[in-house]
Amino acid sequence: MTTVGVLALQGDVREHLAVLTGCGVRAVAVRRKSELDAVDALVLPGGESTTMSRLLETFELLEPLRARLAGGMPAYGSCAGMILLAKDVLDGRPDQQQLGALDIVVRRNAFGRQVDSFETDLPFTGLDDPVHAVFIRAPWVESAGGGVRVLATVPRQPGAGAAEGRIVAVRQGMVLATAFHPELTGDGRVHRLFCDLVRGAEPPYRVAG
Ligand code: GLN
């Protein structure tokens with residue numbers, strides 16, 4: 001059975017484990033290198049990226065995780081997880097570590113400069129119906145490299161303000177990230193897309209180019 005880990009240093013670990021279990025994979029918490037070595041893929045949860053960054057160093061997981069990502073391990077990050085996976089962060093802490101698995105620059109707490117949380121229905125590439133997206137002190141993607149596929153942007157709507165048109169879901173190779181938290185809404189479709197990717201199935205959102 002495919003084993004998908006959830007980085008369990010801090011954040012909404014249990015919610016991700018529950019949704020992954022519903023996707024029919026073995027979902028396990030990852031806190032140490034031996035646990036990381038045993039998974040086929042890893043989810044990086046929402047939480048606080050600066051804290052997770054510090055704990056990755058304390059638990060001596062930073063370099064092993066970078067090495068697994070460089071080796072092609074599939075990964076999915078939600079919110080703080082997206083920040084960690086990014087190559088660069090704006091409005092981060094100077095000592096915040098980046099995993100560099102996605103060629104994106106994220107702005108931390110981007111929505112939080114206007115409102116702390118924001119909800120909207122987002123069209124999402126590869127899903128038939130929009131995803132109800134919950135943003136909590138979320139980042140957005142300020143810029144993305146040529147190899148990054150944009151899966152969702154914030155649509156025009158009252159209250160969107162400066163968030164309108166911002167990139168909030170991306171995929172690059174085997175790495176997926178959303179600025180919002182599908183693990184909190186009872187909608188398993190984004191996790192299922194990820195699990196399909198991990199299982200090596202041809203996911204519906206894989207388009208040519
Ligand atoms: N603001 C948090 C950070 O910087 C992310 C918030 C979240 O994951 N909901 O990591």
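Quick reminder: no glycine exception, Cβ is built from N, Cα and C everywhere.
TrEMBL does not curate its annotations; it predicts them automatically.
Here TrEMBL flags Cys79 as active site, nucleophile. Taken from TrEMBL, the feature active site, charge relay system applies to His181, Glu183. Under the heading L-glutamine binding site, TrEMBL lists Gly47, Glu48, Ser49, Arg108, Ile136, Arg137.
The structure, with features from TrEMBL marked on it.
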residue: Gly47; record: L-glutamine binding site; DSSP class: coil
residue: Cys79; record: active site, nucleophile; DSSP class: coil
residue: Arg108; record: L-glutamine binding site; DSSP class: coil
residue: Ile136; record: L-glutamine binding site; DSSP class: strand
residue: His181; record: active site, charge relay system; DSSP class: coil
Least Cβ-crowded entry, counting other Cβ within 10 Å, from the recorded positions listed as Cys79, Ile136: Ile136
Glu48 (L-glutamine binding site) versus Cys79 (active site, nucleophile) - Cα distance in angstrom: 9
Sparsest-packed among the recorded positions, when each Cβ's other Cβ atoms within 10 Å are tallied, from Arg108, Arg137, His181: Arg137
Candidate nearest Glu183 (active site, charge relay system) in space, where candidates are the binding-site residues Gly47, Ser49, Arg137 and distance is Cα-Cα: Gly47
Fewest other Cβ within 10 angstroms of its own Cβ, chosen from the recorded positions Glu48, Glu183: Glu48
Cα-Cα distance linking His181 (active site, charge relay system) and Gly47 (L-glutamine binding site), given in Å to the nearest integer: 10
